[in-house]
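Engineer: Copied straight from TrEMBL:
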- Gly76, Gly77, Arg98, Asn203: substrate binding site (BINDING)
- 37-281: domain 'Aspartate/glutamate/uridylate kinase' (DOMAIN)
- Lys41: site 'Transition state stabilizer' (SITE)
- Lys263: site 'Transition state stabilizer' (SITE)
Amino acid sequence: MSDTTSVQDKNSLPNVHVQAEILVQALPHMQRYDQEVVVVKYGGHAMGDADAAKDFAEDIVLMEQAGLKPIIVHGGGPQIGKMLEKLGIKSEFAGGLRVTDKATVEIVEMVLAGSINKQIVGWISAEGGKAIGLCGKDGNMVKARKLTRTTIDPDSNIEKVIDLGFVGEPEKVNRAILDSVLGAELIPVIAPVAGSHDGQTYNVNADTFAGAIAGSMGAKRLLLLTDVPGVLDKNKNLIPELTIDDCRRLIADGTITDGMIPKIETCIYALEQGVEAVVILDGKVPHSVLLELFTDHGAGTLIRR
Ligand SMILES: Nc1ncnc2c1ncn2[C@@H]1O[C@H](COP(=O)(O)OP(=O)(O)O)[C@@H](O)[C@H]1O
Ligand SMILES: CC(=O)N[C@@H](CCC(=O)OP(=O)(O)O)C(=O)O
């Protein structure tokens, strides 16, 4: 052994102990989540560059290797927006949802169930995982119905219906499909597109879709990966834990606004369906999923009943 090597070994000793400590710290968490379903919603804003994709895929493969049953539901709002722009199709949002006409729903399906879905499957495969790409239509896994939204007209004070076109909400989830996919030790990667009983294709908000999947699977955790550290207070500080009542209060006092409102509504729905806890966290932080699941301090905002 050369002198140089022995000096390097000595220098790396504390580091090795720290690494061992981190692995040991993960043990009770791995035991707690063993064989449990964890739904990870990977939002379009959380998807970054190639390095970020690799980090995300490594986390998912490690989860599966550690005995968890990950289910990925992905979004792709910004990517749909770019494609629509390229094709010269105008797009607008109402209450955080994309108004979806016939041309738009075709692009939504192409980008979500085609391009992004297969990209994520590819990332997971590259890290040695076995993923299978699906959308709600596959095996009739999720049936959707047209979403009806209403608003109060400020002038007349009369309730009116907002027509969002082909925007749907999950009506029924057939968990048998997911049970067999998980039973075959495959990682389902699901695009939030679903068909209705009369064969119409619907564009479903990815948070809503993930909440329905987590609820029907009785998931131990629903992780919502976004582009902020979690729910922030009025001074922009991270709120580490919230209850459903806290969430309702923060919406009422205007602390929670915009895209965070449907996210929180999804959290409340999933918790009421029996999901043990939901976590909103920053998908841009490298290995945020592992930090949340396998370290004592976790990451993001944890929401419980
Ligand atoms: N109290 C809050 N804490 C954190 N983010 C908030 C809050 N209120 C509103 N937001 C907004 O919600 C956004 C996340 O929702 P959204 O853009 O729909 O995410 P995604 O595309 O990942 O689904 C944040 O980027 C932020 O602008
Ligand atoms: C109805 C509706 O708004 N659907 C979304 C579906 C994708 C999505 O939700 O993606 P993110 O999670 O990246 O926002 C859309 O068309 O953008």
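Cβ coordinates are placed from backbone N, Cα and C, and glycine is handled just like the others.
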Engineer: Based on Cα distances to Lys263 (site 'Transition state stabilizer'), point out the closest of the recorded positions Lys41, Gly76, Gly77, Arg98.
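Structural biologist: Comparing Cα positions, the closest of these recorded positions turns out to be Lys41.
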Engineer: Given the recorded positions Lys41, Gly76, Lys263, return the subset with CB under 6 A from an atom of ligand 2, ordered by sequence, or none if empty.
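Structural biologist: The recorded positions passing the 6 Å Cβ test are Gly76.
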Engineer: Tell me the Cα distance separating Gly76 (substrate binding site) from Lys41 (site 'Transition state stabilizer'), rounded to the nearest angstrom.
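Structural biologist: Between the Cα atoms of Lys41 (site 'Transition state stabilizer') and Gly76 (substrate binding site), the distance comes to 11 Å.
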Engineer: For the domain 'Aspartate/glutamate/uridylate kinase' (37-281), what's the model's average pLDDT?
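Structural biologist: 96, rounded to a whole number.
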Engineer: Over all pairs within Gly76, Gly77, Arg98, Asn203, the annotated substrate binders, what is the largest Cα to Cα distance, rounded to whole Å?
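Structural biologist: Between the outermost Cα atoms of Gly76, Gly77, Arg98, Asn203, the distance is 12 Å.
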Engineer: Counting across all protein chains present, how many other Cβ atoms fall within 10 Å of the Cβ of Gly77 (substrate binding site)?
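Structural biologist: Counting Cβ neighbours of Gly77 (substrate binding site) within 10 Å gives 20.
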Engineer: Determine the most Cβ-crowded residue among the recorded positions Lys41, Arg98, Lys263, using a 10 Å radius around each Cβ and all protein chains in the structure.
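Structural biologist: That would be Lys41, with the most Cβ atoms nearby.
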Engineer: Would you mind checking how many other C-beta atoms are within 10 angstroms of the C-beta on Asn203 (substrate binding site)?
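Structural biologist: Asn203 (substrate binding site) is surrounded by 26 other Cβ atoms within 10 Å.
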Engineer: With an 8 Å cut-off on Cβ-Cβ distance and a minimum sequence separation of at least 6, pull the same-chain contacts of Gly76 (substrate binding site), or say none.
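Structural biologist: For Gly76 (substrate binding site), the qualifying residues are Gly44, Met47, Val111, Leu112, Ile116, Ala191, Ala206.
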Engineer: What is the set of residues, excluding Gly76, Gly77, Arg98, Asn203, whose C-beta falls within 8 angstroms of the centroid of the C-beta atoms at the substrate site?
Structural biologist: Gly44, Gly75, Ile80, Gly81, Val108, Val111, Leu112, Pro192, Asn205, Ala206
